[in-house]
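S.K.: First, the structure itself, so that you have it in front of you.
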């Protein structure tokens, strides 16, 4: 299990009141991405954030929509699921999405929670999606990371 050593930061209920967060979620492997989005939305709303879900076709479409969302949202959560196949396409997609999301966050100074799963098997994805049989909840974790980072940046700006 890869959850060993996970962060312990939590967000107090209601502490993100007034924060606008977009969830950009791909439709490939929808059984996984729907669960990721549900878990992320629940975490955001519990924290008090105003959450908007924006669907995209696949993982490669996530970065451009995330970049646009940084213009109107305080934080963005990127969710998707890329599962290893028999070609190098997996590596290209995973690298492009990860690089794109990191670059967007740094350039725009807008938090981007990365909940794009990159798994070898469907079973690994299920185990990370936050459903009833999952050992991890990457959708909620990405939301918590985005909200916490937004709160941190806001407090740094106030200093």
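Each residue, glycine too, has its Cβ placed from N, Cα and C.
Pulled from Swiss-Prot, these are the listed features:
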ACT_SITE  89  active site, proton donor
BINDING   28, 59, 60, 61, 81, 82, 83, 114  5-amino-6-(D-ribitylamino)uracil binding site
BINDING   86, 87, 128  (2S)-2-hydroxy-3-oxobutyl phosphate binding site
S.K.: Which three-state DSSP class does residue 87 ((2S)-2-hydroxy-3-oxobutyl phosphate binding site) fall into?
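M.R.: In the DSSP reduction, residue 87 ((2S)-2-hydroxy-3-oxobutyl phosphate binding site) maps to coil.
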S.K.: What's the CA-CA gap between residue 61 (5-amino-6-(D-ribitylamino)uracil binding site) and residue 86 ((2S)-2-hydroxy-3-oxobutyl phosphate binding site) in angstrom, rounded?
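M.R.: Their Cα atoms are separated by 22 Å.
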S.K.: List nothing but the one residue from 81, 82 whose Cβ has the fewest other Cβ atoms within 10 Å; the candidates are the binding-site residues.
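M.R.: Sparsest of the binding-site residues 81, 82 by Cβ contacts within 10 Å: 82.
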S.K.: Just give me the nearest neighbour of residue 128 ((2S)-2-hydroxy-3-oxobutyl phosphate binding site) among the recorded positions 59, 81, 89, Cα to Cα.
M.R.: 81
S.K.: Identify which of the binding-site residues 59, 60, 83 has its Cβ surrounded by the largest number of other Cβ atoms within 10 Å, counting every protein chain shown.
M.R.: 59
S.K.: Just how many other Cβ atoms lie inside 10 Å of the Cβ on residue 61 (5-amino-6-(D-ribitylamino)uracil binding site)?
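M.R.: A 10 Å sphere around the Cβ of residue 61 (5-amino-6-(D-ribitylamino)uracil binding site) contains 17 other Cβ atoms.
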S.K.: Using residue 28 (5-amino-6-(D-ribitylamino)uracil binding site) as the reference point, find which of the recorded positions 86, 87, 89 has the shortest Cα-to-Cα distance to it.
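M.R.: For residue 28 (5-amino-6-(D-ribitylamino)uracil binding site), the closest Cα among 86, 87, 89 is found at 89.
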S.K.: Taking 10 A as the limit, how many CB atoms besides its own sit near the CB of residue 28 (5-amino-6-(D-ribitylamino)uracil binding site)?
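M.R.: Result for residue 28 (5-amino-6-(D-ribitylamino)uracil binding site): 17 other Cβ atoms within 10 Å.
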S.K.: Would you find the one among the recorded positions 89, 128 whose Cβ has the most company, meaning other Cβ atoms within 10 Å?
M.R.: 128
S.K.: Greatest CA-CA distance (Å) over the residues 28, 59, 60, 61, 81, 82, 83, 114 that the record ties to 5-amino-6-(D-ribitylamino)uracil?
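M.R.: Result: 16 Å between the two most distant Cα atoms.
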S.K.: Among 86, 87, 89, these being the recorded positions, pick the one whose CA is nearest to that of residue 59 (5-amino-6-(D-ribitylamino)uracil binding site).
M.R.: 89
S.K.: Would you kindly give the Cα-Cα distance separating residue 114 (5-amino-6-(D-ribitylamino)uracil binding site) and residue 89 (active site, proton donor), rounded to the nearest Å?
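M.R.: That separation, Cα to Cα, works out to 20 Å.
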S.K.: Give the number of CB atoms, excluding that of residue 86 ((2S)-2-hydroxy-3-oxobutyl phosphate binding site) itself, located within 10 Å of its CB.
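M.R.: Neighbour count, Cβ to Cβ under the 10 Å cut-off: 6.
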